[in-house]
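Everything below concerns the one structure shown next.
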Amino acid sequence: MNAVFPGSFDPITSGHMDVLTRAAKIFDHVTLTVMHNARKQGRHLFTLEERMDILREATTHLPNVRVDTFGGLLVDYMARQEPGSVILRGLRAVSDYEYELQIAHLNRQIGDAETVFIMAATRWSFVSSSMVREIASYGGDVSEMVPRASAAALRRKHADVYAEREAEKEEQKQAQQQEQPGR
Ligand code: ADP
């Protein structure tokens with residue numbers, strides 16, 4: 001049985017990875033599908049190609065996971081999958097539920113597509129791609145919240161900010177050492 005995990009993955013987080021890893025144990029195959037919309041192009045931090053590269057790098061250890069992309073209605077994509085394929089979505093908290101419930105009902109109504117939900121571990125319940133992007137844009141440390149491939153890509157994207165922040169930290173360290181010699 002195949003599960004399709006659709007999303008923007010801008011970039012993939014440890015929450016997504018947790019849902020994906022659990023699903024890879026349950027389903028024969030999981031397809032990570034970056035959904036793209038020509039009208040929303042430019043609204044993402046990473047290009048479609050960059051997001052797909054990150055996904056491939058982050059999932060090399062999961063042999064039954066493949067990466068794909070689709071621009072259009074998810075139900076049209078599902079109709080092309082092997083029979084019995086389901087949509088996989090992750091749930092963080094009750095706040096996700098209302099939106100996800102609506103989409104799941106609509107996908108069943110318009111395309112007879114079934115949705116399966118997996119809850120990530122609670123330690124990831126506060127992690128979202130948008131928060132990760134925000135923290136990284138100021139040079140903050142996101143290494144605990146994303147797989148290594150995403151962290152490296154964020155550092156490359158914000159190389160100037162990270163370099164500036166590290167230089168500031170180094171200056172502070174040296175100033176402290178001068179104030180307290182011998183420590
Ligand atoms: P979308 O743009 O479609 O919301 P996302 O890439 O943000 O796509 O998320 C894809 C799926 O992963 C959604 O079902 C979302 O609720 C879920 N998800 C996102 N972050 C987490 C997390 N930290 N834990 C569990 N599920 C998550």
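Placed from the backbone N, Cα and C atoms, the Cβ positions cover glycine too.
What TrEMBL lists as domain 'Cytidyltransferase-like' is 4-134. According to TrEMBL, the ATP binding site annotation covers Ser8, Phe9, His16, Gly90, Leu91, Arg92, Glu100, Trp124, Ser125, Phe126, Val127, Ser128, Ser129, Ser130. Per TrEMBL, site 'Transition state stabilizer' is recorded for His16. The region 'Disordered' annotation in TrEMBL covers 160-183.
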Margin query: Treating G and I as helix alongside H, and B as strand alongside E, what does DSSP give for the domain 'Cytidyltransferase-like' (4-134) in helix, strand and coil?
Written below: 60 helix, 28 strand, 43 coil
Checklist line | Most crowded position, judged by CB atoms within 10 A, among Leu91, Val127 as binding-site residues | finding: Val127
